[in-house]
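Copied from TrEMBL, the annotated features are:
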type	residues	note
BINDING	B:C102, B:C105, B:C142, B:C145	Zn(2+) binding site
2 protein chains.
Amino acid sequence: MDDLAVRTEPAADADAAALRSAGLKVTRGRLAALRLLQRMPHSDAETIHRHAVTDEPTLSVQSMHNVLTDLTRAGLLRRIEPERSAALYERRVGDNHHHVVCRACGKVADVDCVVGHAPCLAPSDAGGFAIDTAEVVFWGLCADCR
Amino acid sequence: MDDLAVRTEPAADADAAALRSAGLKVTRGRLAALRLLQRMPHSDAETIHRHAVTDEPTLSVQSMHNVLTDLTRAGLLRRIEPERSAALYERRVGDNHHHVVCRACGKVADVDCVVGHAPCLAPSDAGGFAIDTAEVVFWGLCADCR
DNA sequence: ACGTTATTCGTAATCACTCAAAACACCCGA
DNA sequence: TCGGGTGTTTTGAGTGATTACGAATAACGT
């Protein structure tokens, strides 16, 4: 039984610990979201839910939205919103990496800091704004689509 | 009569010419959109429509969406979609400038290429992607909000 | 002016997400 | 072991922005 649990959910304990240390209760829906985003980053709420229901048939789409919002607020997930697409979620948080989106198929990939130094962040305050974050999205064609 | 026309719409002829050279018919709705975005860039469809109806009372919101979509496709407008906000439109096209959004009031301002050289565009192809555009959004607080 | 064609209107529908209220689950102390 | 209380999920309805579509209308070339 331990064998089974370990085999199917190797990172479940780590996920549970992460939830607890964020002050959130460990629930099946939250574990499912974390587990699925491990294997398929840059997924939207509907996709995550579709895969989650095979394990948790009672999980509603609204609950999944709820879970994702909570986990994002808790800093366990990062939410990105490419133009013309639904919000996507990923587990990589804390580093300021960027994303590249395929114009043709919509596929998203991570892009680490592309210029040698801090990524495109202007420390100067442009037009009186006190800038704290730079958000960069690259657009192009993925290997499959060109 | 000429006086009146010139006084109220100094750039109307230029706008009409731009529409024609883009292969689009010159209609009141399109002129209104272009005229309003001249004075208030970074506006969303609803705002543009609200101002447009004082001149063009019959213009529907749906037509405004239609107009903005057409003009964007024709390259006369640029559409930006900051997270958690409706799509905004502006007339500055052709140069790849960026934007800074106020976290508090949502105000948007233009930011010209912030680093000396080409703005944050990595010529290398990251992860097999052929990148053609870099889109940068800065977040911070505007002068009024801090 | 006339006919062709593009554009707009009005209604309906969609999509992604939010909100509110009720049902539920789990931990704590009595 | 039994209740409470807090936090989570469900259910269902509702919102805001945008798109679809067929019919009506307006621009443009001739």
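The backbone N, Cα and C atoms fix where each Cβ goes, and this holds for glycine too.
When the neighbouring Cβ atoms lying within 10 Å are counted for each of the binding-site residues (B:C142, B:C145), the highest count belongs to B:C142. Proximity to chain A (CB-CB distance below 8 Å) holds for B:C102 among the binding-site residues B:C102, B:C105, B:C145. B:C102 (Zn(2+) binding site) falls within a strand segment according to DSSP. DSSP assigns B:C142 (Zn(2+) binding site) to coil in the three-state reduction, placing it in neither a helix nor a strand.
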